Amino acid sequence: MTQPVRRQPFTATITGSPRIGPRRELKRATEGYWAGRTSRSELEAVAATLRRDTWSALAAAGLDSVPVNTFSYYDQMLDTAVLLGALPPRVSPVSDGLDRYFAAARGTDQIAPLEMTKWFDTNYHYLVPEIGPSTTFTLHPGKVLAELKEALGQGIPARPVIIGPITFLLLSKAVDGAGAPIERLEELVPVYSELLSLLADGGAQWVQFDEPALVTDLSPDAPALAEAVYTALCSVSNRPAIYVATYFGDPGAALPALARTPVEAIGVDLVAGADTSVAGVPELAGKTLVAGVVDGRNVWRTDLEAALGTLATLLGSAATVAVSTSCSTLHVPYSLEPETDLDDALRSWLAFGAEKVREVVVLARALRDGHDAVADEIASSRAAIASRKRDPRLHNGQIRARIEAIVASGAHRGNAAQRRASQDARLHLPPLPTTTIGSYPQTSAIRVARAALRAGEIDEAEYVRRMRQEITEVIALQERLGLDVLVHGEPERNDMVQYFAEQLAGFFATQNGWVQSYGSRCVRPPILYGDVSRPRAMTVEWITYAQSLTDKPVKGMLTGPVTILAWSFVRDDQPLADTANQVALAIRDETVDLQSAGIAVIQVDEPALRELLPLRRADQAEYLRWAVGAFRLATSGVSDATQIHTHLCYSEFGEVIGAIADLDADVTSIEAARSHMEVLDDLNAIGFANGVGPGVYDIHSPRVPSAEEMADSLRAALRAVPAERLWVNPDCGLKTRNVDEVTASLHNMVAAAREVRAG
């Protein structure tokens, strides 16, 4: 049997780190490059500074193994596709490597981008590599070798991080009639083997292969494949020590399978699924067990005493127990330091990225030097945990009693056919009605007004006047274009979740808590720390103003309870189902107020419905039960004549298709443009009988599709959905596009609808 490589074991590390910059420097630099305002050299200088500062901070904090190659201009799966020579042939005409990379990510006028979808059950999106018959895997290691050299040149104990071959293929997509990508696994082993030798030659002592797919049910053969692949990779004579990282759940049978290979280290997520039973895997003896006891996905301070108890149970099960985050800190903000508005109690409960690194170092020190060496830190942790438990903001008996009463009486609407008849009589819409999802471009005037209000340069009345002017222009634009159901454009909203969080009790909105959603898109998730309630109406004033400007229906726009949870940092001291119902009650009250104000169409967005779906099938039914229940609680307070819409994002919908039907929304809009309407076959198969709008163009690309292209998409949709139930819309909100792109695209979309209506 191949023997493990003997390298100095590490004791304190993290799985990965963010790359956007503490002040979103990379976002600004890449967007400047795309717009032609920033040169290549300026972009690369920003990237180099971010890498250097990140590595230096991690090493200075006390990590004895620092992840590198976690920097990305856009996405780590796209980086891996470049590494393996697996970019789609359609980007080959772009001669420049960086521009070719961005063409695959964003598309161009002539090139469609790669499909985008959620990274497991997180709010990060990855680009889906396409594996076709012509795909030939070849190694292109320039990026990882250059970053390794950079880090070693700084004296950093660098550990390159690379998506592992099993995860890469299981998350890729077959195209052009090719078989399942995982069938190509044997072809990847020589490429990864070559990479190992080059990394060793470049000075790498350790390499990390990320294999989160091993905690899922994506392939029943994954454990056996992992054993075979990593046994083969360990046979490379000239290689670094190999650390295989699993995260986002329990690796189950994959853990002993990996442990039977000669890999030197295995990482487990002890926050999201794995437990101390991993200590019972005898093959771990002689290896490093990397224990993910510090939560890399949520913002709550680690209970150091509990974590040390877990670590104590693991000691002796492996040659070394190293302390780590449960996953990359990509998913949490950089640091608590800029959050000057936090009250002392709430601050004491939290840990962002920098604080989590310190927690890792403290725990590793406790293992090395004994608990007395970190007695002050343990006492501080104990006090914070106790403070949180007794804070009165965490329990509102009145809200809990209302939820119990509504759930007991049944949160359901009337018969769908009766609702449709009532809504048709009220709305008088044409066949194939056109609409948009909600948001319109956030113009410079909007951003200036928001900044001026925040700085105290204008008062609330002036801010409202400016936002009303934006709404007036958006309504006028939609009427000129000929859309049938309008939206107010959401100029007053900084984010579809944060806007509501700022108005709901039980939330705290951060000042600088940015995390990457995809590419240059950053979000600032609010912190849901206590029981949720709605002190006052949140949207009625804006929507009724918009409705006063037109005779066409204007949609009320709300975010659904599951999405608010998915895109927030949620309290971890009670079941998610209970928290979802509290948010749902607040949304329910808002829908009733909108209806009372005369709004006939209300959209309750659930783009993240699938995002919280547990990775193991055995756990999914219970989640879908309470997620659907929360949506129905939020939407069942209105009459049959009020049309409820919902919107769903970036998903492999087949896994939740029954739940989509169970939501019982009158109209469901779905992101289907990048996946070529595939979801409609799934809906058709289950007899989905309500309205559906399967996104006729992809708003995440600057490309403006032609009217004929969208008409073709509509004709394809009509093969699965009858005309009386088909809606015409973009596949998502338009906030991230500019006005010219939106105007041209919507003009073509309306023209496409008219062409198809005319037959």
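Note: Cβ is positioned from N, Cα and C throughout, glycine not excepted.
Over in Swiss-Prot, the protein carries these features:
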| type | residues | note |
| --- | --- | --- |
| ACT_SITE | HIS700 | active site, proton donor |
| BINDING | ARG24, GLU25, LEU26, LYS27, LYS118, ARG521, CYS522, TRP567, GLU611 | 5-methyltetrahydropteroyltri-L-glutamate binding site |
| BINDING | ILE437, GLY438, SER439, GLU490, ASP605 | L-methionine binding site |
| BINDING | ILE437, GLY438, SER439, GLU490, ASP605 | L-homocysteine binding site |
| BINDING | HIS647, CYS649, GLU671, CYS732 | Zn(2+) binding site |
| COMPBIAS | 1-16 | compositional bias 'Polar residues' |
| REGION | 1-22 | region 'Disordered' |
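Features recorded in Swiss-Prot, as mapped to the structure shown.
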residue: ARG24; record: 5-methyltetrahydropteroyltri-L-glutamate binding site; Cβ contacts under 8 Å, 6 or more apart: TRP514, CYS522
residue: GLY438; record: L-methionine binding site; Cβ contacts under 8 Å, 6 or more apart: VAL487, GLU490, MET496, LYS555, MET557, GLN603, ASP605, HIS647, GLY733
residue: SER439; record: L-methionine binding site; Cβ contacts under 8 Å, 6 or more apart: VAL487, GLY489, GLU490, ARG493, MET496, GLY733, LEU734, LYS735
residue: CYS732; record: Zn(2+) binding site; Cβ contacts under 8 Å, 6 or more apart: ILE437, PRO607, HIS647, CYS649, GLU671, GLY695, ILE699, HIS700
Packing count at GLU671 (Zn(2+) binding site) (other Cβ atoms within 10 Å of its Cβ): 26
Lowest local Cβ density (other Cβ within 10 Å) among binding-site residues: LEU26, CYS522: CYS522
Most Cβ neighbours inside 10 Å, all chains, among the recorded positions LYS118, HIS647, HIS700: HIS647
Cα-Cα distance maximum in Å, computed over every pair in ILE437, GLY438, SER439, GLU490, ASP605 that the record assigns to L-homocysteine: 14
Among ASP605, GLU611, the most crowded of the binding-site residues [Cβ within 10 Å]: ASP605
All-chain count of other Cβ atoms within 10 Å of ILE437 (L-methionine binding site): 26
Helix, strand and coil residues within the region 'Disordered' (1-22) as assigned by DSSP: 0 helix, 1 strand, 21 coil
Recorded 5-methyltetrahydropteroyltri-L-glutamate binding residues, ARG24, GLU25, LEU26, LYS27, LYS118, ARG521, CYS522, TRP567, GLU611 - maximal Cα separation rounded to whole Å: 27
Beyond the site residues ILE437, GLY438, SER439, GLU490, ASP605: chain residues whose C-beta lies within 8 Å of the centroid, for L-methionine: THR436, VAL487, MET496, MET557, GLN603, HIS647, GLY733, LEU734, LYS735
Protein Cβ atoms within 10 Å of CYS649 (Zn(2+) binding site), excluding its own: 24
